[in-house]
Structure formats: C-alpha cells, structure tokens
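J.: Per Swiss-Prot, the feature Fe cation 1 binding site maps to Glu112, His119, His203. The Fe cation 2 binding site annotation in Swiss-Prot covers Glu112, Glu173, Glu207, His210 and rests on similarity to another entry.
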Amino acid sequence: MTDLNTPESTSKPVWEHFDHVEPGIRRRIAVADPEIKEYLDGMLARIASHRGVEHPFLNAYRTTALDPEQERHLFSECYYFFRYLPFYITGMAVKTRDEMILREIILNVADEVGSDPTHSTLFADFLARIGIDKEHLDGYQPLEVTRQLNDGIRHLYTETSINKALGALYADETMSSIMVSKINDGLRNQGYDDDLRHFWQLHIDVEVGHSNSVFNAIAPYVGSKAARAEFEEGVFEFLGLVERYWDGVRELVGIGK
C-alpha cells in the first residue's frame with residue numbers, strides 16, 4: 001500500500017510514490033522529453049502541497065476522534081462529494097478523438113464500476129457499518145459548498161476544453177490519493193479495524209494509479225505554454241473548489257480550526 005502520510009514517505013519527492021507503484025496499479029508511460037515529466041512532476045508537487053489537500057481539517061482528523069454526530073456530518077458530506085464523479089469523468093470522453101485519452105478515462109471509470117462489488121457499493125457498505133443508511137442520506141441536506149463542489153466538478157469535466165478537464169482530473173486523482181490516506185488514518189485513530197476501512201485502504205493505491213492514467217493522457221499535450229495554461233486552470237479551479245468544501249466541513253464538524 002502506497003501510504004503518503006508516513007514520516008518515511010515525506011522524506012522523498014512526492015512524485016516517486018507515483019513512479020514506483022504496487023503490482024496491478026496503473027503505471028506512468030515513459031516520456032521521451034524529460035522536461036515534460038519534470039513539468040508534470042512539478043505540478044503534482046504543487047497539487048500535493050495545496051491547502052485543499054493539506055487542509056487543516058484533514059490533518060486534524062488524522063489524530064482527533066469524532067463523536068457520532070460529527071462523524072455522520074463528515075461522511076454524509078463525503079457521500080454528496082463522491083457519488084456522481086464516475087459519470088462526470090465519463091463525460092470527458094466526448095471532448096476527444098484521441099484513443100490514448102479515451103483509454104485512460106475508461107480505465108479510471110472501470111476501476112470504479114467495472115467489477116462487483118462496485119466502489120460505490122463498497123462505500124455504501126462502509127457508511128452502513130458506521131450507522132449512515134440510505135434513508136438518512138436521502139433526507140440529508142448537504143452544505144452549499146458541497147453542492148458548489150459537485151456542480152463545479154461536473155462543469156470542469158463536461159463543459160470545458162479537454163486540456164482543462166484533464167488538469168482538473170489530475171488534481172482530483174492526485175488529491176484523492178492523499179485525502180483517502182488521511183481519512184484512513186482518522187478512521188484508524190477512531191478505532192476502526194482494517195475490514196471496516198477497506199474502502200479507504202483500497203483507494204490509497206487506486207487513486208495513485210488514476211493519477212498516473214491522467215499523466216499518460218496529458219503528457220503528449222503539455223509541450224506548449226498555451227496548453228499548460230489551460231491545464232493549470234483546470235488544476236487550480238478544482239483545488240479551489242475542494243479547499244472551500246473542506247472549509248465548510250471544518251465549520252460543520254468543528255475541528256481543525
């Protein structure tokens with residue numbers, strides 16, 4: 001498992017965790033121009049250090065136990081964050097006629113829904129085991145920042161250029177690999193065992209592979225300043241949405257201030 005939050009892991013550049021992955025995890029393609037890899041590695045490091053990723057709430061949650069109400073709020077908001085993402089990612093496919101990009105998009109979505117149980121089913125099982133059932137979720141009103149996050153991601157993936165959409169997805173998948181590791185730490189601190197935390201542990205490596213898929217898709221297209229500007233717009237618009245989301249969750253749950 002590629003844990004990005006251990007002291008050992010922080011002693012080396014973050015992109016090394018993406019260059020050297022566990023068997024069965026999507027690997028990066030070899031890039032002929034070393035400057036392209038250096039650029040994408042640098043963007044990965046900028047994503048990893050962004051406040052939306054190194055958020056005070058997430059860092060506090062790693063070592064702060066929540067009461068049942070706080071826990072319900074946190075994971076109900078996560079449900080409304082995650083639930084439609086595979087559909088939005090699939091919508092990116094109509095923007096391109098490049099089979100490499102199409103393949104990488106399909107591989108990411110296939111990880112989520114291509115086998116039984118699907119990852120959304122695993123997440124629903126996790127929620128049920130901590131006392132959050134479908135009836136609760138159907139009646140739950142998420143924060144406005146959570147609605148804005150969902151709408152913003154849908155817009156980025158389905159209504160912007162392919163370069164900008166891939167920038168957002170690179171930020172999404174890279175951020176997610178770190179976020180799920182922090183949440184897994186918090187759940188472990190809460191006293192939950194490996195079996196209950198399976199969804200989160202699974203995604204630590206899965207999201208690294210998903211980030212690598214986006215690396216493979218975008219690498220041929222970030223040679224120019226104009227393409228990089230579009231790509232970076234997507235990266236930082238996505239991270240801004242996530243930062244505001246965690247700010248809202250922090251206020252709701254009441255830790256990490």
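Cβ coordinates are placed from backbone N, Cα and C, and glycine is handled just like the others.
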J.: Please give me the CB contact count at 10 A for His119 (Fe cation 1 binding site), counting all chains in the structure.
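T.: Taking all protein chains shown, His119 (Fe cation 1 binding site) has 18 Cβ neighbours within 10 Å.
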J.: Quick one: Cα separation, His210 (Fe cation 2 binding site) versus Glu112 (Fe cation 1 binding site), in Å?
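T.: Spelling it out, the Cα of His210 (Fe cation 2 binding site) and the Cα of Glu112 (Fe cation 1 binding site) are 10 Å apart.
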J.: Hey, which of the binding-site residues His203, His210 is the loneliest by Cβ count within 10 Å?
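T.: Looking at the binding-site residues His203, His210, the Cβ with the fewest others within 10 Å is that of His203.
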J.: Could you state the whole-number distance in Å separating the C-alpha atoms of Glu173 (Fe cation 2 binding site) and His119 (Fe cation 1 binding site)?
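T.: The separation of the Cα atoms works out to 15 Å.
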J.: Taking the Cβ of Glu207 (Fe cation 2 binding site) as the centre, count every other Cβ atom within 10 Å, in any protein chain shown.
T.: 25
J.: Name the residue among the binding-site residues Glu112, Glu173 whose Cβ has the smallest number of other Cβ atoms within 10 Å.
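T.: Least crowded of the binding-site residues Glu112, Glu173, by Cβ count within 10 Å, is Glu112.
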J.: Relative to the mean position of the Cβ atoms of Glu112, Glu173, Glu207, His210, the recorded Fe cation 2 site, which additional same-chain residues have Cβ within 8 Å?
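T.: After dropping the recorded site residues, what remains is Asn108, Asp111, Asp172, Ser176, Ser177, His203, Val206, Gly209, Ser211, Ser213.
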J.: Secondary structure at Glu173 (Fe cation 2 binding site) (DSSP, helix/strand/coil)?
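T.: Note: Glu173 (Fe cation 2 binding site) is helical by DSSP.
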